Amino acid sequence: MKILITGRPGVGKTTLIKKLSRLLQNAGGFYTEEMREGEKRIGFKIITLDGEEGILARTDLPSPYRVGKYYVNLKDLEEIGVRSLERAFQEKDLIIVDEIGKMELLSRKFREVVEKIFDSEKDVIATIKKSSDPFVEKIKNRNDVVIFELNEKNRNSLLNEILSVLKFNRGEKQ
């Protein structure tokens, strides 16, 4: 089963992904987390479910790749994030991707591994931006994808809804 979680920035997509990854067995992949200095967001970390960390983007990073005010670190994205997805593809039942967004899509290797996991029989839970990017649209428009939109009203109930759908689907496979 392929599950996409979308919603406006700051609504809680990463929080939901982290809760799901703790509750579900045999999961691999990564999530992103804000980096702050005081009240100011200065970048994003990439953290694998195995605990490996790297820098996805920072405001002061020497990089030719930029999204808004953030300079994207393709090296850590590919060596930590992409590698965690490849490892999860080989070893796990469930693959977590937070997120399929502008920064991550700068990497050809990231796009290739996302296509590979979505074309596989593996269960996938990913967060995805509301975007008009052709790659994002291709993923969203797949027949095997279920999209959940997270908002303030369903923030507390969506966790159980996704768990129920996933467990029901896994039960049908057996």
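Every residue, even glycine, has its Cβ placed from backbone N, Cα and C.
What Swiss-Prot records for 7-14, 94-101 is ATP binding site. The DSSP secondary structure for Leu94 (ATP binding site) is strand. Applying an 8 A CB threshold to same-chain residues 6+ apart, the list for Leu94 (ATP binding site) reads Leu24, Gln25, Asn26, Ala27, Gly28, Ala88, Lys122, Asp123, Val124, Ile125.
Fewest Cβ neighbours within 10 Å among the binding-site residues Val11, Ile96, Ile100: this applies to Val11.
Within 10 Å of the C-beta of Lys13 (ATP binding site) there are 25 other C-beta atoms, taking all protein chains into account.
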